[in-house]
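Trainee: Features from TrEMBL:
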- 1-11: compositional bias 'Polar residues' (COMPBIAS)
- 1-32: region 'Disordered' (REGION)
- 110-133: region 'Disordered' (REGION)
- 119-130: compositional bias 'Low complexity' (COMPBIAS)
- Glu174, Glu213, His216, Glu318: Fe cation 1 binding site (BINDING)
- Glu213, Glu264, Glu318, His321: Fe cation 2 binding site (BINDING)
- 228-251: transmembrane segment (TRANSMEM)
- 359-390: region 'Disordered' (REGION)
Amino acid sequence: MRPSSQPSSPTRKAVQGKDRQEGPGSKHPAGSYLLFHPIYSEQDLDSVKVVNRADRNLGDRVARSMVTIARTIFDIATRYPDHRGKKFPPIKQQDIEKTVELPSNISRQVQEYKKSQHSASASSSPSTPTVINKTGADLAQLSQQEGAMTLQDMRAKGLCFGPDGWLNRIIFLESIAGVPGMVGATCRHLQSLRLMRRDSGWIHTLLEEAENERMHLLTFMELAKPGWIARTFALLAQGVFYNFFFVFYLLAPRVAHRFVGVLEEEAVLTYSSILEDLKEGRLPEWENVAAPEIAKHYWQLGEGAMLEDVIRAVRADEASHRHVNHTFASLEANDPNPFAYREPPAKMLAEEYGLERDEALAWAEGEKQQGADSDASPQTSPKRAAEKIA
């Protein structure tokens, strides 16, 4: 996994001086107060992959175990209703009764179960091979199912979520996801003040992550109106998680970043599952929903953007956070932030889990040298500068 130059790289859009109002009490033009965040092309959005970093030491295993526990609690928490689907048109009768394919993870399990049954029947051994059920679905019953199921039956069996189920998960996830970046930035900010030295560029990147996650929440709040049970649970979970993560970050910052990196792996998987449901017709209520205005403005989407485009952009953001936190987890506390000079190419963020320490330091040195060359030779094009560090 080597950092490489790619043609598609998110760029920083500077606010022009002419856009600012002068005089006492003047404000920034709309949106200019936002911290940097990537703006994606269609190719960038389509290139996001579900990738996982293999555990290599005790800290990695601890982080993954913590995510497994958190994911279990999260699964229980998101069962609380209720958004009532007020922002979505009612599902049509033909959509309820139409047949759709099983989710890919369940379909794979069913195929494995069928193979094990076939092997058992062909063998003279009295024992029957078993398949570890990772989905909770009734594999024996589904193996007898010929062809696709109706959407109504699939939801009744709990094989896929409707819009309310997905929104519950998203709202709870995003209400918590903005905590780690803010905690990390706070801890490093206080450390910089306490030790009276520079931070090597970490603080700003962590603040960007925190704001980006907050914008995810504000976007989906345009579609959902959580009830008091969901709000109370999110409040309690956030209070507990913030204080826990604050202490955790002080004691083991590298493990804390690894924890967030693994958590972002799960987030990419969640949004990929939603997109799969949309593609396969298991979420017809969202097929013709327009993107909220806040999302069009934040990600600079077109006027005809749909909710699916928003979900793709959010997934790309989560892939970026996955990459950054796995990289930070591989660095020492005093190492420079390799992403302080320039955002990595979108393809790298989408397809790789992160950089190891030697790769990150080489990337930082290359970007630093590129910046020095650009200052010394303003006529050097960004493309030519990128070629120098390839």
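Cβ coordinates are placed from backbone N, Cα and C, and glycine is handled just like the others.
What TrEMBL says about a protein is an automatic prediction, not a curated fact.
Describe the structural surroundings of these features, if you would.
Mentor: With a 10 A radius on its CB, Glu174 (Fe cation 1 binding site) counts 21 other CB atoms from all the protein chains.
Spatially close to Glu318 (Fe cation 1 binding site) yet at least six residues away along the chain are Glu264, Ala267, Val268, Tyr271, judged by Cβ distances under 8 angstroms. The secondary structure of Glu318 (Fe cation 1 binding site), as reduced to three states from DSSP, is helical.
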Trainee: Name the residues of the same chain, 6+ apart in sequence, whose Cβ is under 8 Å from the Cβ of His216 (Fe cation 1 binding site)?
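Mentor: When sequence neighbours closer than 6 are ignored, His216 (Fe cation 1 binding site) has Glu174, Ala177, Val314, Asp317 within Cβ distance under 8 Å.
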Trainee: About how far apart, in whole Å, are the alpha carbons (Cα) of Glu213 (Fe cation 1 binding site) and His321 (Fe cation 2 binding site)?
Mentor: 10
Trainee: Starting from the Cβ centroid of Glu174, Glu213, His216, Glu318, which together make up the recorded Fe cation 1 site, report each further residue of the same chain whose Cβ lies within 8 Å of that point, ordered by sequence.
Mentor: Leu173, Ala177, Gly178, Asn212, Arg214, Met215, Leu217, Ala267, Val314, Asp317, His321
Trainee: So which other residues, same chain and not among Glu213, Glu264, Glu318, His321, have a Cβ within 8 Å of the centroid of the Cβ atoms at the Fe cation 2 site?
Mentor: Ala177, Glu209, Asn212, Val260, Leu263, Ala267, Val268, Asp317, Ala319, Ser320, Arg322, Asn325
Trainee: Please report the three-state DSSP label of Glu213 (Fe cation 1 binding site).
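Mentor: DSSP call for Glu213 (Fe cation 1 binding site): helix.
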